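Copied over from Swiss-Prot, here are the features:
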REGION    1-173  region 'N-terminal domain'
REGION    174-333  region 'GAF domain'
DOMAIN    385-609  domain 'Histidine kinase'
MOD_RES   His388  phosphohistidine
REGION    604-750  region 'PsR domain, bind KaiB(fs)'
DOMAIN    631-745  domain 'Response regulatory'
MOD_RES   Asp680  4-aspartylphosphate
Amino acid sequence: MLPAFSPIFRRLLPAVTFERLLRFWRTLAQQTGDGVQCFVGDLPSSLKPPPGPSVLEAEVDHRFALLVSPGQWALLEGEQISPHHYAVSITFAQGIIEDFIQKQNLPVVAEAMPHRPETPSGPTIAEQLTLGLLEILNSDSTSFSPEPSLQDSLQASQVKLLSQVIAQIRQSLDLSEILNNAVTAVQKFLFVDRLVIYQFHYSQPSLTPLEENQIPAPRPRQQYGEVTYEARRSPEIDTMLGIMTENDCFSQVFSYEQKYLKGAVVAVSDIENHYSSSYCLVGLLQRYQVRAKLVAPIIVEGQLWGLLIAHQCHHPRQWLDSEKNFLGQIGEHLAVAIVQSLLYSEVQKQKNNFEKRVIERTKELRDTLMAAQAANLLKSQFINNISHELRTPLTSIIGLSATLLRWFDHPASLPPAKQQYYLLNIQENGKKLLDQINSIIQLSQLESGQTALNCQSFSLHTLAQTVIHSLLGVAIKQQINLELDYQINVGQDQFCADQERLDQILTQLLNNALKFTPAEGTVILRIWKESNQAIFQVEDTGIGINEQQLPVLFEAFKVAGDSYTSFYETGGVGLALTKQLVELHGGYIEVESSPGQGTIFTTVIPQQNFPPTTKGQVQDKLDAAMPFNSSVIVIEQDEEIATLICELLTVANYQVIWLIDTTNALQQVELLQPGLIIVDGDFVDVTEVTRGIKKSRRISKVTVFLLSESLSSAEWQALSQKGIDDYLLKPLQPELLLQRVQSIQQEPLR
């Protein structure tokens, strides 16, 4: 049953027929006379499509005729959808007509209308209009199907609209704009109350829980969706935009998926009859005023992307074959637009990724270039500084020695006191040159990880007294007060670390402080303990250091650029070497200074893990841990080094055999079958001997110990993979050699 407010007539009619209906409305008002008025006109411009660049928009002629009588109201509307055709509707519903008058702001019509239609005594206006309508339709042969000329015109209009949709797809990459404009244009063309795009979303497959000890079965992925685009004939039509599906109600719709995937267009002329078995679905559609619908699929890459749905509200509608074909073609072209948009999005994504990679790669290249430039600058700075630091003592040595040589050929000899002065100067500069070279070598070994600590227990007070005594002469000569502030009790005086390295650290810091402090100044060495750490603090009353120069103070060959640098005559590596030695102990060094306020260097050294040992204790431990096979083969060309190793190991109760080189070494090892081999030589020869040892079944368990002057981490990694078990750097440290031999001999057989 039709709602009370539904139009009684809605058809596509030729423009000529619509004009005849308008004239009939006027004629009926004139013929009826008393109290009957007819208002005819165009709708205000606000009802026409807004101007814009869209190729889908066109001017719409929207006209009306309102017949007002005491007994009945009648509204005729016609909306031009093509040059020769109108979408026509007729209604007698009072509520619709009142809303129409109020919406169109027609005060003249409102004043002429009675508050309530009177009950007519004779034939009603509706009856007369119905009879006249049938007469006009029959005379024009319009009946319930369009005449051939109308069909041809509709087909031409469909082709034109399709061309416009295709043109916009080609012109625009904005999918939202394409879909919005297409929905609006198709809604107007089909003269439907609502046209929507229902877009599907697919959830991931899930597992159906089963009984215990059963394998869960995969559940097919579920599809759901929402209305993403919409066009309505008027605001009175409820919106469905953003409406999500209700799976229970739409189960019947989902059964059409296979049909939709084949491109079928589904037409439902009356939902109440078509879905009579589904009360839920009918109730849902009626909630949004849907009475008839036409559905076309949008298939993208073999998947049902969405549905293009036309809704006719309030009354049934018989869908024409041309309308079905047209909506199906629109769905196909929209699918093309979606594929085009997806491809464009993928291209944009690839483009953005490529641009990101280009930016990252450019940054990497820029960073690499800057690092190379910095390294080149540092190398140049290193060469300049080291050449200057080495050239200064060399110049003095060469100059003074040349002077002495010239005096040997001179008739008058150089006074002995002068000769002694020159020779002492040469000796002093030679020692300075040697110290600089040793510092550079030591720093290089520290940075490459080739330096090991020789930790032992010693007296901190004795160390402090030794360092102060060695620099006391320099302090007196420069008229500087050198003080020791020792804050450790006698019972806590012992400390475990590398005594030689600590002596070097303190000497370097004190020597710099003396050079940094002017006459009548003070330099203090302060020592105390905190927990398992020893703190060494060197404080002076010199000119201080600018805050900007502190970050580069511990970097090798960095030029600070002021008078502070001139005091450090250590080849540019003094403080850098000090910092490396401190960090080798696992400690750290800090500096506090400001111009004119002096400088404080604070060094923190943690107690090392090596226990205090004596020569007798080492011997006792070696005796206790001596393995059954105590024979050792030493392969060493240097007689002095070989003699030292043999004497150390012999005292430790090892049986030592000395081989000069690796020639026939494999045969000797197989014959003697030692527990340990200490080998020194070319890496190629050493690896060749080691390979033969590890391949031999009789001696494959023998431990191989390598001696080398220097060894990088990469070289050691390569050598260890070829069978070498451990290494020790030269010059040899006897205590460390015995500890390494003991640790290797205590390891379980491999």
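Think of each number as a place in line: the chain as shown, counted from 1.
Backbone N, Cα and C atoms are what each Cβ position is placed from, and that goes for glycine too.
Note that the coordinates shown come from a computational prediction; the quantities given were computed from them, not determined experimentally.
Residue counts for the region 'PsR domain, bind KaiB(fs)' (604-750) under DSSP, split into helix (H, G, I), strand (E, B) and coil, are 65 helix, 28 strand, 54 coil. Asp680 (4-aspartylphosphate) has a Cβ environment of 22 other Cβ atoms inside 10 Å.
Predicted-model confidence for the domain 'Histidine kinase' (385-609) is 82, expressed as mean pLDDT.
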